[in-house]
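Report on the following structure.
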Amino acid sequence: MPQHAKPAPEAHVRDETRDASPDAAPPGVAPGRIGGVATHLASSLIARPDTGKSDAPRTGVSAGVFDSKGEAAASRPASAIVGELGEVGAALVDSTADVAERGGAQAAIPVGGAVVSTPTARAGGAELIVASGGLLSAAGYTAGWRSRVRLAVDSDGRAGVHGYRSSEVIADLRCPQPMAGAMDGIADRKWTPGADLVVAVDGDGMRHIVEVAPAEVEQGDRRGRQERGAGGARRGGDRRSTATRRAAAHGARDERVVDGTGRAVQYVAERRWELSATGFWQPHYGAAQCYSDVVAEWAEAAPGSLVWDLYCGVGVFAARLAEQVGDRGLVHGVEFARSAVTEGRAALRDMPWVDLTAERVERWIHEQPGTAPDVVVLDPPRAGAGKDVINALSERSPRRIIHIGCDPAAFARDVGLYRTTGYQPIGLRVFDAFPGTHHVECIAVFER
């Protein structure tokens, strides 16, 4: 990796799932609080008190199953985590507040042990799950982690963010999440009303700003919005108004590079990717490296074997899997976004045994011959993989499945689906990849 490339933060992770023991359960700890900071949970939360070593990196922890008395149940497979690990997101509080107040549990107090989440909806009879909090950031570092930001522009040409569950644009860019310098000068100029701004700080530290033209909305849709009565009641108009606007927002839109080159350079495991600044990359600057390390550790793909990387993006996981199978093996990567596949092929051109395909996973998986892959890695969208994909995978009987999810509810549903097909989770890691918000990233590994 070039000397000027920003290194990913170290994520220390241990795995306690295979050898769960009573010592792993946090004894005598009050639920619902971490280090004295209250959290708001859909399910109860228990944590070991902080060790007081606030200068130490935050540790990652894994998962085990416990019964209702807090005793380890090594023979029981984990079911699923349900709910979020601390719904105290920055969007719900004053943006001018102190970072520790704004960020909630993970903002100021490092969690020095396992976190236990009691599912409100149990799948398969397991009563408790030790869902651990692996934090990507070093202790106390909850600001300056976000390398990619998408802003909206209001009718006055001011850049801002959408209000919580709202289309209203709040023209206030005071937020602790973006990396230092990412937002400099943006509030000082006028932008195209209705446009989006994508701000990306890449692995070389270069900032890119791309203005994405306003989404085209059909005339009928405009009438539909205008023909609402008091309280938003419809008076006719287009019933597909919301869907139409959403489709327009995700359709092809003109882009104008305002700062940088519009081509972001990223590094994972000393490999270089170059991709559009408006394309997908993990927002936390250390997340791609961290997750790929977990995938490489858990995959253990045999040399010469067949591996699938589904929803592969630009092939970050595919590259690590290709190193394991070698040139006698084969890695199939599947991604719907053609631009990501093109960029991934360029980055992996020295690995001809990696085959990246632009296709919907749901379609591709049913078109494959009967050969069983050794390992399958899935990193589906927020909605999860779903029944069709998981059932199709189970019919192939891969030795091991690694599933990544950024929405705990969808992740919990998918874990339950795996269990109905005979696959049981043998490891679970939960990462606080979005410090100061209620979002987490979950990675689980399954075997039959």
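Cβ atoms are placed via backbone N, Cα and C, with glycine included.
All annotation found in TrEMBL is predicted automatically rather than curated by experts.
Per TrEMBL, region 'Disordered' is recorded for 1-32 (among others).
Sequence annotations record features per position, and here TrEMBL assigns compositional bias 'Basic and acidic residues' to 7-21 (among others).
The region 'Disordered' annotation in TrEMBL covers 216-255 (among others).
Marked as compositional bias 'Basic and acidic residues' by TrEMBL: 219-228 (among others).
Within the same chain, residues at least six positions away from Asp379 (S-adenosyl-L-methionine binding site) with a Cβ under 8 Å of its Cβ are Tyr291, Leu310, Tyr311, Cys312, Gly313, Phe317, Ile404. The DSSP secondary structure for Asp379 (S-adenosyl-L-methionine binding site) is coil. Feature annotation from TrEMBL assigns S-adenosyl-L-methionine binding site to Gln282, Tyr311, Glu335, Asp379.
Within the same chain, residues at least six positions away from Cys406 (active site, nucleophile) with a Cβ under 8 Å of its Cβ are Arg382, Ala433, His439, Val440, Glu441, Cys442. Taken from TrEMBL, the feature active site, nucleophile applies to Cys406.
Compute the center of the Cβ atoms of Gln282, Tyr311, Glu335, Asp379, which mark the site for S-adenosyl-L-methionine; besides them, the chain residues with Cβ within 8 Å of that center are Phe280, Cys312, Gly313, Val316, Phe317, Pro380, Ile404. Among Gln282, Tyr311, Glu335, Asp379, the residues given in the record as binding S-adenosyl-L-methionine, the maximal Cα to Cα distance rounds to 16 Å.
In sequence order, Tyr311, Cys312, Gly313, Val314, Val341, Gly344, Leu356, Thr357, Ala358, Glu359 constitute the residues six or more apart from Glu335 (S-adenosyl-L-methionine binding site) in its chain with CB-CB distances below 8 Å.
A sphere of 10 angstroms centred on the C-beta of Gln282 (S-adenosyl-L-methionine binding site) encloses 22 other C-beta atoms. Every protein chain shown contributes to the tally, and the Cβ of Tyr311 (S-adenosyl-L-methionine binding site) ends up with 21 other Cβ atoms within 10 Å.
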